[in-house]
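The following features are taken from Swiss-Prot:
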- Asp142, Asn186: S-adenosyl-L-methionine binding site (BINDING)
- Asn186, Pro187, Pro188, Tyr189: substrate binding site (BINDING)
Amino acid sequence: MTQISQLLKKAEAILFEKGLDQNAAEILLETRMGLSRSELWMEISRELEPNHEKQFEEDFARYLAGEPVQYILKTAPFYGYDFLVTEDVLIPRPETEELVACAEAFLKKHPVKNVLDVCTGSGIIAIALKKAFPEISVTASDISAPALVVARKNALLLNADVRFVETDLLEAFKQNEERFDMIVANPPYISEAEKAEMSDYVLKNEPSLALFAENDGLAIYERFVDNLKYVLNSSFWVGVEIGYTQGERVKQLFEKSYPHTTVVIHKDINSKDRYVTCSNILV
C-alpha cells in the first residue's frame, strides 16, 4: 500500500509538469475519503486503503484527460453549501456569490414576496436565497430540462422549497401574467469571439447553451430586459451577472427601457464589472 504523502507528492509533480492546478490531487483525495483539508494532513503518513488508491488513480486520470474536478466529484461549493453538479450545468463561480450577497442585502431592507431566478442552471442562486429567506416565495427557471433535473435534486438535498419552471427566459411567466418583486439572472453572456481566450476545461466540458450568446454576448440580455415589463411589479429590484466588458452596454439597455429607475454597475472582488442592478423602490 502507498502512503498518502507519497501519492500526493507523485501526483503534484505530474500536475506541476503539466502546468495544472496542484491543489487538484488533494481535493480529489480528501473528498473521496470524506476528510477536510486539515484532517487529510493529519493522516498524511497513513497508508491508503486499496479502494481509495484505486479511486484516486481513476479520478486523477480523468483530471489529466481534461475533466474538471467538480464534474469528477459531482459536487461544487457555493455560498456555504455543497451543490450537485453534472455536465448539464455550469460549475459555480465565486463571482456569482457576490450577486447573491447583493440580492440578500436588498432583501434585508425591503419587503419582498416573490423572487424569480432566471437561467438557474443547478439552482444555486435560487436555493441560496431561499435558505437565507425561507419566508419568501422563490421560483427558478431554465430552458434546459436536464439542468432543471439537477436543480430539483439540489433543492431536495438542501431542503429548499423552490418552484422550478422550464421556459425560455420569461415566456411562461409572461403568458401566465405572473409578477415578481425581485428577479436575478446569470444568463449566457460570452461572445463567440472570446472562445480563443477560454480554458479548454470550460470549452470541452461545460454546456455551451449556458455560456454563449450572440450579438457580442448581449442577445439574451436584450430579450430579457425587453420583456421584464410584463413580469415585474411596480416596485422591483433586478440583478444580472455580466461579462467584465459589458457593464456600460447592459446598463444602457436597462436605462433605455426603464428611464426612471436606478441602474448601477457593480464591480467584483477583482475590481472588474461583474453585475448590474436596476431598481424602482416604492416601499
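Placement of Cβ uses the backbone N, Cα and C atoms for every residue, glycine included.
Other Cβ atoms within 10 Å of the Cβ of Pro188 (substrate binding site) number 20 in total over all chains. Note on Pro187 (substrate binding site): other Cβ atoms within 10 Å of its Cβ, all shown chains, come to 18.
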